[in-house]
Amino acid sequence: MSTLQEEIFNSIKEMKSKSPLVHNITNFVVMQITANALLAVGASPVMTFEKEEFEDMLSIASSLVVNIGTLTKTSIEAMHKACETANKKNVPFVLDPVGAGATKLRTKTAIDLIKNYNPKVVRGNASEIMVLAGESIKTKGVDSTANVNMALEAGKHLAKEYNTVVSISGETDIITDGNKVLYVSGGSPLMPVNTGMGCTSTAITGAMLAVSNPLIAAASAMCIMASAGEKASKKSEGPASFAVAFIDELYKLDINDAANRVKE
């Protein structure tokens, strides 16, 4: 096991031992899925959109997850308030710019949150990351039309410009701080046909941010997803059985197997 892999191993182990409270402002489609995933890996999720609660909640939460999947004017206001409060309290947050590039509102919302509040990690698919880096690319709703390798330079640019870590999901996941690049292999072809897999990656990134620096947190989350996804696919006949097996595999996670999936 390399030094990097040992760091991933220890970070996941620490997250499980600390069971951090993760405040999620996520989308309505995946809320139950991501809450169950966080519980399965050992974290403690809370889902609240109410601005009046943020001061109290972010005083006890270890990290914040902001996911723009189901945007409304009310949710946009809540996201800005949550990020502002998190910054004030030094609570790290991860942003998932779901569907950036699909509509002007989504793109603007994501860019505003990045520029104004400096997320520790931006986690998205290749198309979303390329759009946020200023590249012109057609998107297909919330799904990517680009492969992860196409987005590497965009990810580096975005990371350097905003002093953040960019995590790009694909057949091989790429994580970069603008200089260092990490690769995570594994997962399953059944993951893209299950709603919420990217959002789950972001939620687990939030859990890992509670105990790790942003680069290790982002890589650890993708290692967890890759390991659980690959193992679940071997026990599944299709998307429905995979969804159940995936949560089970998160719960039974082989930390050693997960950590060994990362390389530089």
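Even glycines carry a Cβ here, placed using N, Cα and C.
Features as listed in Swiss-Prot:
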type    : residues   : note
BINDING : M47, G196  : substrate binding site
BINDING : R123, S169 : ATP binding site
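Features as recorded by Swiss-Prot, highlighted on the structure.
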residue : record                 : DSSP class
M47     : substrate binding site : strand
R123    : ATP binding site       : strand
S169    : ATP binding site       : strand
G196    : substrate binding site : coil
*Spatial separation of R123 (ATP binding site) from G196 (substrate binding site) - C-alpha basis, Å*: 13
*Write down the Cα-Cα distance for M47 (substrate binding site) and R123 (ATP binding site), rounded and given in Å.*
19
_Using a 10 Å radius around its CB, how many other CB atoms surround G196 (substrate binding site)?_
23
